[in-house]
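The structure under discussion appears below in the form of structure tokens.
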Amino acid sequence: MDDAAARSTQSFRIETAVGSPRATAVAVLIILLALMLLPTFAGRNLIQDLIFLFYMLALAQCWNLLAGYAGLISVGQQAFVGLGGYLLFALTLIAGLNPLLAILLAGLVSALIALPTALIVFRLRGAYFAIGTWVVAEVYRLVFAQVKPLGGGTGTSLTPSVTSSVPGIEWVKTLLDVRAPAARDIVSYWVALALLAGTLAAVYFILRSRRGLALGAIRDHEAAAAGLGVDIYRIKLAVYVATAAMTGMIGALIYLQKARISPDAAFSVLDWTAYVIFIVVIGGIGTMEGPVIGAIVFYLLQRYLADFGASYLILLGTLGIVIMLFAPRGLWGLVADRYDLTLFPTRRRLIIRDREDG
Amino acid sequence: MLLEVAGLKKSFGSIVVADDLDLVVAPGEAVGIIGPNGAGKTTLFNLIAGGLAPTAGYFRFDGRDFTGVPLQGRCRAGIGRTHQIPQPFEKLTVFENLLVGAVYGRRKTEAAVAQSCGEILERLGLLKRANTLAGSLTLLERKRLEMARALATAPKLLLLDEIAGGLTEGECSELVATIREIRQTGVAILWIEHVVHALLAVIDRLVVLNFGRKIADGVPKQVMQLPEVHQIYMGIEA
Ligand SMILES: Nc1ncnc2c1ncn2[C@@H]1O[C@H](COP(=O)(O)OP(=O)(O)OP(=O)(O)O)[C@@H](O)[C@H]1O
Ligand SMILES: [Mg+2]
């Protein structure tokens with residue numbers, strides 16, 4: 001059979017593509033370095049805006065992995081933002097730990113708490129899962145409102161001794177010749193940059209790994225993925241716990257920067273889930289690029305239109321609906337479809353070669 | 001026996017779609033299933049490989065009771081299937097679709113399965129489409145992808161659900177040749193098909209379902225002669 005003959009003359013291998021790995025690595029390093037050095041000349045307003053952009057983008061990447069890939073449409077991620085924030089306050093104010101260490105621990109504890117939480121909410125499907133996650137977040141909010149040492153329902157503030165105990169502040173003050181509040185912002189900016197870079201790298205490497213293959217399959221057709229041997233429950237659980245850890249660390253950073261926490265703000269579904277969903281949906285769900293575009297658009301809207309109050313929210317809602325109707329794959333989808341672009345290549349290509357020896 | 005279905009029953013509310021089904025498939029055997037629309041053929045596949053829980057009865061695979069085994073375990077044990085309505089991962093490429101089955105169904109690394117995935121794509125004429133998105137395939141290509149993806153899991157038993165519909169005469173004989181080739185590698189086949197002449201060119205045994213019941217099971221030529229089968233098949237196959 002000539003079919004069989006043809007088979008023996010070709011060899012196949014896989015290439016998980018980055019066009020030119022070295023050029024990409026250099027570009028990534030240059031961007032990182034530029035962002036790291038930005039505070040040496042940027043004003044304080046820009047630094048504060050970028051902290052906001054960075055943590056919203058990091059949150060969006062987490063939610064995108066959760067909802068866009070693993071199909072876990074959670075509307076309760078504020079549970080982990082608030083948990084991380086409150087853990088930071090507890091660990092610094094009560095336990096007297098260093099804030100940076102507290103951020104790491106907040107991630108760890110969030111993961112530990114996500115595990116039993118998952119065992120409850122994973123019993124629910126579809127819309128019930130979404131509502132379940134929200135209810136869990138509300139329970140967390142009510143619980144923290146009872147913790148008197150952390151201010152109960154009205155909340156509390158970080159003491160100046162805590163906010164100034166972040167390593168590097170003195171160093172920034174002398175090196176860049178700025179005052180303490182500006183120096184604190186700059187250190188927070190670096191932490192936010194590190195968390196964002198860490199989140200992007202984590203999501204990217206998950207998507208490139210064999211887990212990523214399964215996540216792409218689950219995103220496109222969950223039942224078919226299960227039928228091909230993918231253990232759906234296990235992967236979803238892993239994603240839920242991992243994103244909880246990242247979200248908890250981001251929450252800790254957010255509240256280190258804000259220096260004031262209250263249950264209503266820390267467990268706000270609007271701030272930490274609705275806006276995040278907006279970012280992912282307008283940017284393009286189920287891609288890594290989508291949340292990047294969405295976060296930038298959201299930042300610009302927030303920056304220039306937030307003063308309009310209620311009409312700003314109506315505008316956000318309208319924009320979200322228009323994009324869902326006319327560009328269901330988001331703004332990135334519009335671009336990617338036309339130019340076959342990717343910023344975070346995860347494609348596995350089959351490379352075909354004729355065998356030399358036949 | 002590779003597959004042993006015993007007293008399997010499934011009802012959706014008051015409709016019974018699998019009624020006390022018994023069926024065996026020996027290792028390497030090719031068995032065809034025919035029956036009118038709605039007879040419960042796809043449902044039988046969903047009970048064996050689709051995570052549909054039976055109302056009563058059980059089935060064994062490779063000597064083990066598989067009735068309560070989760071979906072991923074069935075695939076890993078060697079049950080591969082195609083879907084009557086193709087279910088590709090649309091935003092993955094054709095090659096990546098196969099990789100999912102090969103990596104998870106066989107518990108291997110991506111690099112270790114690349115060669116066999118390439119060979120399967122070549123055998124099914126999908127090599128040129130290897131690096132295109134599965135969402136852009138035509139219906140016929142999607143059906144071939146279903147088969148390629150199932151083969152990538154290295155099944156011992158391959159369940160095929162209506163893969164010959166809509167093919168030209170030439171394509172159909174190509175498909176028959178491909179399935180014969182697969183058989184020669186020792187894979188057992190359970191094939192639901194309305195295109196009976198394609199089925200008869202491959203199978204050792206023919207099973208007829210009607211209203212969820214098995215009404216015949218035996219040598220294909222003889223089964224086709226049975227009056228009750230004849231009656232059902234009037235007008236379906238010339
Ligand atoms: N999930 C379900 N809920 C309710 N009824 C169902 C379900 N799945 C299948 N059925 C019904 O069961 C019956 C058998 O369906 P099935 O798909 O198994 O038929 P089939 O023999 O594969 O038919 P076809 O030749 O058209 O593919 C049909 O009447 C169908 O409507
Ligand atoms: Mg069917």
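The backbone N, Cα and C atoms fix where each Cβ goes, and this holds for glycine too.
The list of residues near the transmembrane segment (A:20-38) in space but at least 6 beyond its ends in sequence, with Cβ under 8 angstroms from a Cβ of it, reads 46-47, 50, 189-190, 193, 197. Annotated transmembrane segment per TrEMBL: A:20-38 (among others), in sequence order.
The annotation transmembrane segment is assigned in TrEMBL to A:50-74 (among others).
For the transmembrane segment (A:86-115), the list of distant contacts is 80, 144, 147, 149-150, 156, 158-159, 162-163, 165-167, 191, 195, 237, 240-242, 244-249, 251-253, 255-256, 261, 266: same-chain residues at least six beyond its ends, Cβ to Cβ under 8 Å. The transmembrane segment annotation in TrEMBL covers A:86-115 (among others).
Taken from TrEMBL, the feature transmembrane segment covers A:186-207 (among others).
TrEMBL lists A:237-256 (among others) with the feature transmembrane segment. Counting same-chain residues at least six beyond the ends of the transmembrane segment (A:237-256), those with a Cβ under 8 angstroms from any Cβ of the stretch are 55, 58-59, 62-63, 65-66, 69-70, 72, 77, 80-89, 99, 102-104, 106-111, 113-115, 117-118, 122, 158, 163, 166, 188, 191-192, 195, 198-199, 202, 206, 211, 215, 266, 272.
What TrEMBL lists as transmembrane segment is A:276-301 (among others).
If you look up TrEMBL, you'll see A:313-335 (among others) marked as transmembrane segment.
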Per the Cβ under 8 Å criterion, with at least 6 residues separating them from its ends, the transmembrane segment (A:186-207) contacts 32, 35-36, 38-39, 47, 50-51, 54-55, 57-58, 61-62, 64-65, 69, 100, 103, 166-169, 172, 176, 178, 215-216, 242, 246, 249-250, 253, 256-257, 288, 344, 346
Sequence-distant residues near the transmembrane segment (A:313-335) by C-beta distance (under 8 Å, 6 or more away from its ends) are 275, 278, 280-287, 289-290, 292-294, 297, 301, 305, 341
